[in-house]
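> Please find one structure pasted underneath; my questions will follow.
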C-alpha cells in the first residue's frame with residue numbers, strides 16, 4: 001500500500017468524510033464541537049488508511065468549496081460562514097491531529113499529524 005492507492009471512491013467514499021464536515025464548520029469559527037460530532041468524524045477517518053487520510057481530508061475540503069460554486073484558485077466563502085479561509089485550511093489539515101490519528105507524510109514513512117497538502121489548499 002502507498003499513496004498511489006488513495007483513489008477517491010476506492011480508498012475513501014465520495015463525497016469524502018461526511019461526518020467531518022460539521023466538525024470543520026464548527027471548529028473554523030471557534031464554536032464548541034459536540035463530543036458526538038468529534039467521535040463520528042474521528043471514527044470515519046480511522047477507517048481510512050493512514051496513507052490516505054490527508055487525501056480524504058483534501059477531497060472533503062475541495063468538495064465543500066466546489067459545492068458552493070468556488071472554482072480552483074478562488075474560494076467561495078459560502079461553505080464556511082464566519083470563517084477565514086486560512087483558518088479553514090489549517091483546521092481541516094489538523095483534524096488528524098485532533099483525532100490523534102497518524103498519517104504518512106511521505107514515502108520514507110515518517111509519521112506526522114498535520115496534513116501539509118491540505119494546509120496548502122490552493123483555493124485560498
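Please read every residue number as a count from 1 along the shown chain.
A Cβ is built for glycine as well, from the same backbone N, Cα and C atoms used for every other residue.
Pulled from Swiss-Prot, these are the listed features:
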type     : residues : note
DISULFID : 6-52     : disulfide bond
DISULFID : 20-41    : disulfide bond
DISULFID : 28-83    : disulfide bond
DISULFID : 42-99    : disulfide bond
DISULFID : 54-115   : disulfide bond
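What's the neighbourhood like for these features in this structure?
Here the Cβ of residue 6 (disulfide bond) has 20 other Cβ atoms within 10 Å, regardless of which shown protein chain they belong to.
Residue 41 (disulfide bond) falls within a helical segment according to DSSP.
In the three-state DSSP assignment, the secondary structure recorded for residue 28 (disulfide bond) is coil.
Sequence-distant contacts of residue 99 (disulfide bond), defined by Cβ-Cβ distance under 8 angstroms and a gap of at least six in the same chain, are 38, 41, 42, 45, 46.
A C-beta separation below 8 Å, combined with a sequence spacing of at least six in one chain, links residue 54 (disulfide bond) to 93, 96, 103, 105, 115, 116, 117, 118.
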> Of all the disulfide-bonded residues given, namely 20, 28, 83, which is spatially nearest to residue 52 (disulfide bond) at the Cα level?
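That would be 20, the closest of 20, 28, 83 to residue 52 (disulfide bond).
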> Which of the three DSSP-derived classes (helix, strand, coil) applies to residue 6 (disulfide bond)?
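Coil, per DSSP.
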> Spatially, which candidate from the disulfide-bonded residues 6, 28, 83 is nearest to residue 20 (disulfide bond), comparing Cα atoms?
28
